[in-house]
Amino acid sequence: MTAVRTRSRSRLLRDTASSAQVEALLIIAVATILVTRLYLHLTGYPQVGGSVLHIAHVLWGGLLMVAALMVSLTFIGRAPDRIAVLLGGIGFGLFLDEVGKFVTKTNDYFYRPSVAIMYVVVVLLLVVNRAVHLRRGPSPDEYLANAALTATDGLAHGLTPTDRDQARVQLERAREGGVDPEVVEQTDLLLARCREVPSRFSWVSLRLPERLRGERSVRVAAALLTVFSVGILLNAAATLEEDLAARTSNVVTVIQLVGSGVTVLLCVVGSVGLWRRRRWAIRALRTAALITVFFVDVLEFAVQEFGALLNVAVGAAALSVFSHHLRQMSRHEALPDTA
């Protein structure tokens, strides 16, 4: 007999869609930083405010973050959440872009380590976001609350077949966890009363994962990650050799050499295991991508600044592919994103 999960006593119930929303906010923030830096470079770094005042874009970032909070606190539904994510992401990007001014006495916007600081902040937020959802699976109350939230939004705006099916699976999990069956039944009736609407992003949501995240894409991602990791390893080895010849030492180079070496080893082992379609192989590749994104690329940013963006893009794309594939393999075990 399967054990029934203990009912959660926490007053803080997690939104199963929040992990993806936080990730989207951070992606928008990073894109905002890149667009802002490109715009300022092309326009010669103009100052807004005339000869006396200087209205820094960190102020616009703060205003947009407050606007995002107001939208989120004022309106109900998924659409306002998406608007809040967009406004908050742009605002946070504008805010974070000026970090160099606030960690130096000279208000140096071009402070070289500022890029690494931005990267570390984004990575830490991603780690916290993941930790909140990986600490434990959703409780029965959280399953019920999320299904009810979907029903509430659906009564006003309708539901796609995917959203309705997902909510009903959540209700079933809530029932299995000990939630009052009558409450589950009443919530299911609300879902049944929601009109059906087509998915606005059906082509993107259904075809892109199939075409870009299928089995073949796992091998492509593994190959790209391996090639770039080998490149970083060789570069670190060459730099270390030059340092030794000049009788100098650089701790960053040594750490980078070790980190990229571990990544290459995991990539090779994982790539070999892929031919046997072993889950551990994808987990090894995902670990390699995690080390690349959260460790090796931090050092790359500290040395190369925005020159490390290509390495980050490869690592992040590979991590997304491996995580998606693991979720697909575990879909029958758990509904929420736990990869």
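Backbone N, Cα and C define each Cβ position, glycine as well.
So that you can see what the record holds, here are the features copied from TrEMBL:
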- 20-40: transmembrane segment (TRANSMEM)
- 52-76: transmembrane segment (TRANSMEM)
- 83-103: transmembrane segment (TRANSMEM)
- 109-128: transmembrane segment (TRANSMEM)
- 220-240: transmembrane segment (TRANSMEM)
- 252-272: transmembrane segment (TRANSMEM)
- 284-302: transmembrane segment (TRANSMEM)
- 308-326: transmembrane segment (TRANSMEM)
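Listed as Cβ neighbours of the transmembrane segment (52-76) (distance under 8 Å, sequence separation of 6 or more from its ends, same chain) are residues 36, 83-88, 90-98, 101, 152-153. Same-chain residues lying 6+ beyond the ends of the transmembrane segment (83-103) with a Cβ under 8 Å from its Cβ atoms: 21, 24-33, 36-37, 56-58, 60-69, 71-72, 109-111, 114, 117-118, 121-122. Under 8 Å from some Cβ of the transmembrane segment (220-240) lie the Cβ atoms of residues 250, 253-254, 256-257, 260-261, 263-264, 267-268, 270-271, 274, 285, 288-289, 292, 296, 300, 311, 314-315, 317-318, 321-322, all in the same chain and six or more residues away from its ends.
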